[in-house]
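Report on one structure; see the data block that follows.
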Amino acid sequence: MHKEDHPLGLDKATLIPRDEHTVSRRHISDNALSVLRKLDSAGFQGYLVGGGVRDLLLEKRPKDFDIATDATPEELRSLFRNSRIIGRRFKIVHLRYGREIIEATTFRAPHDVAVELGENSSRKGIRNLDSAHSTAGMILRDNVYGNVDEDALRRDFTVNALYYRTTDFAILDFSTGMQDLKDRKIRMIGDPAERYKEDPVRMLRALRFSAKLDFDIEEETLKPINELAYLLESISPARLFDETIKLLASGQAEATFALLQKYQPGNYLFAPTLRALLTRFKARDNAAELLQLALKNTDNRLAEGKSVTPAFLYAALLWPVVKLKLELNSLPKLNAAQQFNVAANSALAEQLTYTSIPKRFTQVTKEIWEMQARLETRNRRAAEGAYDHPRFRAAYDFLLLREDGGENLGGVGSWWTEFQEASAEERENMLEQLPREQKPKRKARRRKPARKEN
Ligand code: ATP
Ligand code: MG
């Protein structure tokens, strides 16, 4: 390794040449490689950065490939037809290749407070519209562009700030990323408290990477986390939803959730009833157990290359909340289905003030819940209806989860397992054996006298 002598801030990097690291082009997506080639031939710098480099060095398969470049978002737009500028606070460019999205970001520079205030500044060509802080030090806009070395210092953790380039296949390390990777440490670049104040979501990211990579959080990086957790109150529910999904779909949901319960930042993702059920009233309705199983199930599915949906995750998280609400808010004028609906809506509404779950997911969450009663009903019509429902599979998986979590449903789960594996003839037999549907007894209703109109 040696310090590279180069303009554009590259002199500040430790350069790890190709024969001293294990990142190989073979493990990088062809699309990411082609983006890097195209940037290079257009005269721009381009680096693979973030999880792509970090995970390859750890011999893990990266979730996605992020690229850092000196091309501005607008230049990227004109260079790549398949591109879209996303975000205002922090502009990134999405390059779409079928199902794969490559994220390209322009090198960020430190914020010049004088520029933000509209005072004279040494930085030319920068308008104060591109950068903004709140009085609490939170970064409101981060679109001031700079060099690669400045970009490295704007990133969160040292292991996320390793830059790989395809011009000579070297890795550039501007902080202590390579060493921290060896020591398995999550270390914040710069002053941790300041960096959390700039963007409180970094606290959740520290917990996520620690669980996902099985790294320790370095002492100074960990220290301010409980004290500053309250700053997450200022993060929009939409961003907290995105972050929750990343936390739970990390492949290490169980370990991640344990950290979310151990440290304060976890409290800003879940509504109070759910938190109470997971901490003080763990045993109630097997809330903790059901959740644990759902998390394990999520990790297993991801390990098998299957997808997980936020709808199912929230169905499991909030199921004990629905049951509790059902019990507490008995509304005598409503029938069972209506009562259930009120409880389900209330559980979702409470959670939505923390994480704004998009409607396409909450819709499915509700369907999974509503299907439970149908799957439990032992009669032909309900069974046939449930089996034909587009949400059958998810609802059935959820039913098994409830049973595994200790709910006694009279073995209805294995009935459905058998039913799905049976031949058409056997199925018919199974349906035949179900108790006849009980017609609801009709009460003799007395007609009300017609109201007088006046
Ligand atoms: P993964 O994609 O595996 O979840 P990642 O490290 O690639 O992990 P991304 O969210 O894809 O994480 O972000 C890519 C990179 O952008 C990060 O590695 C980090 O360098 C930088 N980054 C992302 N979010 C922040 C943030 N809130 N503050 C500072 N840097 C960030
Ligand atoms: Mg990434």
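Cβ coordinates are placed from backbone N, Cα and C, and glycine is handled just like the others.
TrEMBL: automatically predicted annotations, no manual curation.
Some features that TrEMBL has for this protein:
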DOMAIN    47-187  domain 'Poly A polymerase head'
ACT_SITE  Asp64  active site
ACT_SITE  Asp66  active site
ACT_SITE  Asp156  active site
DOMAIN    214-274  domain 'tRNA nucleotidyltransferase/poly(A) polymerase RNA and SrmB- binding'
DOMAIN    334-448  domain 'Polymerase A arginine-rich C-terminal'
COMPBIAS  426-438  compositional bias 'Basic and acidic residues'
COMPBIAS  439-454  compositional bias 'Basic residues'
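Of all Cβ atoms in the protein chains displayed, 20 besides its own lie within 10 Å of the Cβ of Asp66 (active site). Across the active-site residues listed here (Asp64, Asp156), the residue whose Cβ sits among the most other Cβ atoms within 10 Å is Asp156. Asp156 (active site) carries neither a helix nor a strand DSSP state and counts as coil. Taking CA atoms as the reference points, Asp64 (active site) and Asp156 (active site) are 17 Å apart.
A Cα-Cα distance of 14 Å separates Asp156 (active site) from Asp66 (active site).
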